[in-house]
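Quick notes on the structure that follows.
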Ligand SMILES: Nc1ncnc2c1ncn2[C@@H]1O[C@H](COP(=O)(O)OP(=O)(O)OP(=O)(O)O)[C@@H](O)[C@H]1O
Ligand SMILES: [Mg+2]
């Protein structure tokens, strides 16, 4: 074996990470610099807090999406799960159920919807793309059942505090994003569960022959995605003081964009939570910066799409270089 | 030999990020000759072949065809110039039929013309007959075994009728009889003036059919292209590893006193096995021999719970085992399986050496809540990677960037570290060089000596005879008989071949 094998583990990892995220971090910094030149108010603590708050819903959903994509699957139903969760919470609160039980049941509803996606994918061997296109529609329909499509107001002070209040001068919503980021990150990068996900996404047959219960893993990961979406749903409904039937519409696309911008490979087997967080921030910074510059919405859409294309292209190119 | 070289490579250099694969290599090929290209794992053989055929762009150096400098930007240009190749790794499209794969190059050349499938299949049949491969040309390649896909690749290369044909370890997964068929074709091509390059780690084959040789060591010529006349095995070994080969042959191991670890009783499988009965004791190495298509790998997969067992039973430590999934086999019954197909069943090519080598020890090393550090994994697998001399710039290197033999070492090493009770090893030394093969055999013997029951599947007869205590012969999904191994090659191989041809050989013991 080459002498270099004994190279310190730490340095190896560092260079590895640099290669992996260098481009994406750079993109984030470049965007920030551009926007702060264009508008001096952009570079302020208040605005960054604002961006983080705006990005929270997407970022949390994207953490779940990262697990799914890592496995070589896709979950298009998360926007609908966001809406279902908001409605479940709003309805229970309206019927006078307490905050804590409501929260638990809301998150559990996300887990159940995720479980359904997972069972259909793993046990019926249907492609997750098809399964979640279908459940996206079914779940979206479910949202309107209790109210025939009308929004439900939320008065509960604890529920609305999640999206509005601060703890130690930092908005609660940011604490939640930070906590979920750390949990997902540790789970993915420091545990056997995370390693199994990478392995299964990288080569399903090899995972099977290594004794991994691939089906169970897949179901669990769809459940994680469901729960993360439910958290997003809670945050969103809390910020809007209501549950809306069209809440979270097309958020799955932003979540996918965040994960892919962050270097998660759509063919499975690679990706990180840090990358996804940065990816979500890029989307947030773009939205925020362009709004501050009063760029019309349709231009924002065009720019956002182009930035995603360029970033992913740069990423793919740099990876191909190394190969 | 006075003829001019038909092909020459001079001072070829190829640098990958962090790895100098070739540092100024030369190769010269004469028409009507079979040229051996030898070297240890990672010496640069495949890289040289890829540079010659336009897969990789050389960092520097020149390539001459008929004395003229040429430059291939891609594989199709090389093909057009009459240079054909069978790469070490399979490059077939799994969902396409055998016939479509064989004619892939012709098919992509004319996108709009309708395909005459009857004609396509008829032509494919012809090439398959040539290499005596009995598969239906309309079958998708994904259904074939590793050896069969290798033969399809060879048929495909033959169908291109190239002037220069490069074969990178074409016999790696073949049994001797299939190799012999291939050799007679190669000799015929040679006699018609084709210039062939033959890469193999099986030196008996090299000595049998090659007339010229080039040896690489660490990306340089250990010897220039020269005639092989008068060279023997030891000369080749010295060029390759710089010293003589270590002898580490068969030794008698008595395990009759040990308890039976695994026994199959009248097992039938969904793959078509019937009445399969054999047993393996703790510390015993049971060989499972058979020709390509005999059903050995399928039997292993059935034991592992990947193919349904439809009859009979599998006993583990005397108890009937209910194995419904590979996870059951591994976690409940302590089985392990080194797959013959490292690329599809063994490795994650896009992941690092460390991630791949550690897979099956994760569970054992994990702390509370499944916490696991790279350092722990590193400690567990490094000794095995070192003993097998895995050549890699670092443990973070992506496995896809390693040479074929080094990938194979990782696919095997991962199970050696696992500490299982029963290990089924399917073609462990495919593509591994002679030096490492000796180390690998040593590791397998040590594993058995520590009490592991080993079922060894290998098409490499010398390997079988130097490792196994007992050899069961499988043919056509049936056990044809067993022979007690005494380590004497000629007698054993004769007894095995007799069983395959259904004659009760004198050494055969009824199962
Ligand atoms: N794409 C690549 N990127 C980085 N390194 C590579 C790449 N391909 C090959 N190498 C390195 O180049 C060296 C030569 O590899 P090569 O595949 O040519 O060896 P080989 O002689 O064919 O070995 P084997 O007998 O195992 O097939 C090895 O050290 C390998 O790790
Ligand atoms: Mg090679």
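Note: Cβ is positioned from N, Cα and C throughout, glycine not excepted.
Looking up the ranges A:21-39, A:192-210 in TrEMBL, the one annotated as transmembrane segment turns out to be A:21-39. Comparison of A:21-39, A:51-70, A:124-145, A:166-188, A:253-285 by number of C-beta pairs under 8 angstroms to the transmembrane segment (A:219-241) places A:51-70 first. When each of the listed stretches A:21-39, A:51-70, A:82-104 is scored by C-beta pairs under 8 angstroms to the transmembrane segment (A:253-285), A:51-70 comes out highest.
The stretch from A:21-39, A:82-104, A:166-188, A:297-316 that makes the most Cβ contacts under 8 Å with the transmembrane segment (A:51-70) is A:166-188. Residues 57, 61, 110, 113, 139-140, 142-143, 146-147, 152-156, 158-159, 229-234, 236-237, 242-249, 251 of the same chain lie 6 or more positions beyond the ends of the transmembrane segment (A:82-104) yet place their CB under 8 Å from a CB of it.
Counting Cβ pairs under 8 Å to the transmembrane segment (A:21-39), the stretch among A:124-145, A:166-188, A:297-316 with the most such contacts is A:297-316.
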